[in-house]
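Feature annotation from Swiss-Prot assigns transmembrane segment to 4-26, 38-57, 86-108, 115-137, 152-174, 179-198; the stated evidence is sequence analysis. Residues or ranges marked as domain 'GAF' in Swiss-Prot: 231-355. The feature domain 'Histidine kinase' is assigned by Swiss-Prot to 356-571. The phosphohistidine feature in Swiss-Prot is assigned to HIS383.
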Amino acid sequence: MLMVLLFQRLGIIMILAFLLVNNSYFRQLIEERSKRETVVLVIIFGLFVIISNITGIEIKGDRSLVERPFLTTISHSDSLANTRTLVITTASLVGGPLVGSIVGFIGGVHRFFQGSFSGSFYIVSSVLVGIVSGKIGDKLKENHLYPSTSQVILISIIAESIQMLFVGIFTGWELVKMIVIPMMILNSLGSTLFLAILKTYLSNESQLRAVQTRDVLELTRQTLPYLRQGLTPQSARSVCEIIKRHTNFDAVGLTDRSNVLAHIGVGHDHHIAGQPVKTDLSKSVIFDGEPRIAQDKAAISCPDHNCQLNSAIVVPLKINDKTVGALKMYFAGDKTMSEVEENLVLGLAQIFSGQLAMGITEEQNKLASMAEIKALQAQINPHFFFNAINTISALIRIDSDKARYALMQLSTFFRTSLQGGQDREVTLEQEKSHVDAYMNVEKLRFPDKYQLSYDISAPEKMKLPPFGLQVLVENAVRHAFKERKTDNHILVQIKPDGHYYCVSVSDNGQGISDTIIDKLGQETVAESKGTGTALVNLNNRLNLLYGSVSCLHFSSDKNGTKVWYRIPNRIREDEHENFNS
């Protein structure tokens, strides 16, 4: 009878656990153990442990069972069989020993007052269960987020054994004989089920993120050639067709700030390319630059009353934080936008904005009066881009977190590259961020192959030409070390030199032949891995910006190569100054 009643209580806890784990906010909480997350977890599991106490089964002094809906108080001579230890154990495994001990204290204190100020030992035993369960759980986790099923069962048995030991000492072993087996089974099964539900949700989320990242990368790969042409009706139509072909949306559209550029799918009869943007939803997104989701026709607000589009997500496309258009995805019929579609579209919009910025920068460079400077500043090595994309694609299958990290580093590299395409000079902080993003991607491709270090005695707001470090670091990565797999060191140094700063990049590579070194920076060379064009352009930019005193210098022997130049000792006063001449 006791076992049946306890399983009923377990069912209550499992229903609450399912509702809790189904909440995305709770799943986000358990990924970090900061003070804020700890407090929220304590509140949640504190409520659970109180519910466990008041839904328990009262055991009278004659060992008869009393079932009441809610046990607010019991006689000091009576005992209680409940799921308190189960909740404390689960709290410890999810939040660690700190959360487990506090939840145990809450449960023990509540049990003390529930028992008419008797059973103070429950406070000590419950706190001890929380600490021991949390410590053992942390020890067993190793590289996994949570212990395995067998380990959870072991922890549950240990936790319940601690509780039974206190009950036996302070209440009597006859009671322990009556409840120990049901409580052991209950605690082990409940903890296992709770963790299984949680791990299933987390695993599904991780797989979903990996699939989303893969989809975004595939669409990025296919749309790149079109978006770099800019937002034109032709490029927009090609992009919309690709998105429509690879997703389950019923309609896809692209606009500039005023007109529809392309609309593929349902609604193409009245959302016509070349005509003004019709829906209030799209107009508001373009106006304030904030993404919006509509789950019904009224929210879309299309003036055509026969429009079949029923839900939509509209995301702004931005270049340098200015909205230049909108990406629109629609469902028809009864389908609504889920979090999956929302994340996909937001990710696509960020990538598309970067691609548009790349294309516009290239076009502006062709028309700029300082084309020689602009051309180099806007260059993004296509081989580096596609190698990085392939690396990320490979990481998706084995480590989605590393794939997201690589994608963020690639995004940082593109952003700083595009900023360099707009500015004549950047701060040392910006250039160093560019170098770090480049090296982080390279290190993901070739773990442990390169070691980059800095020795800088200059303010972060010191100004230097865009790519003034990145070109030299990339040159070392591509040419200095040949096939050597390890012990490849690159050192970036910036030191005061009178009214100048001396900027140098050195490596411990295999050196440069005498026939080539005299040509570097002056003219292109015939080499299998490059022509030295980037060095020539950098040298020309240094001359144009600062004069011949700042030209590139090279020294090399069998122990490595050093490249250096000098720039005036001036600190940038306006961080947002753009070179628009």
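Note: Cβ is positioned from N, Cα and C throughout, glycine not excepted.
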Original post:
Which of 86-108, 152-174, 179-198 shares the most C-beta pairs under 8 angstroms with the transmembrane segment (4-26)?
Top reply: 179-198
**OP:** Determine which recorded stretch among 38-57, 86-108, 115-137 has the most C-beta pairs below 8 angstroms with the transmembrane segment (152-174).
**Re:** 115-137
**OP:** Sort the residues of the domain 'GAF' (231-355) into helix, strand and coil with DSSP and give the three counts.
**Re:** 44 helix, 38 strand, 43 coil
Original post:
Can we call the transmembrane segment (115-137) and the transmembrane segment (179-198) in contact, meaning three or more C-beta pairs below 8 angstroms at a sequence separation of 6+?
Top reply: no
**OP:** May I ask for the residues of the chain that lie six or more residues beyond the transmembrane segment (86-108) and have a Cβ under 8 Å from a Cβ within it?
**Re:** 10, 13, 17, 30, 33, 37-38, 41-42, 45-46, 48-50, 52-53, 122-131, 133-135, 137-138, 146-147, 152, 155-156, 159, 186-187, 190-191, 194-195, 198
Original post:
By Cβ distance under 8 Å, which residues at least 6 away from the ends of the transmembrane segment (38-57) in the same chain are close to it?
Top reply: 2, 5-6, 9, 12-13, 16, 20, 26, 29-30, 65-67, 69-72, 80-84, 86-88, 90-91, 94-95, 98-99, 102-104, 106-107, 110-111, 114
Original post:
So what's the mean pLDDT when you look at the domain 'GAF' (231-355)?
Top reply: 89
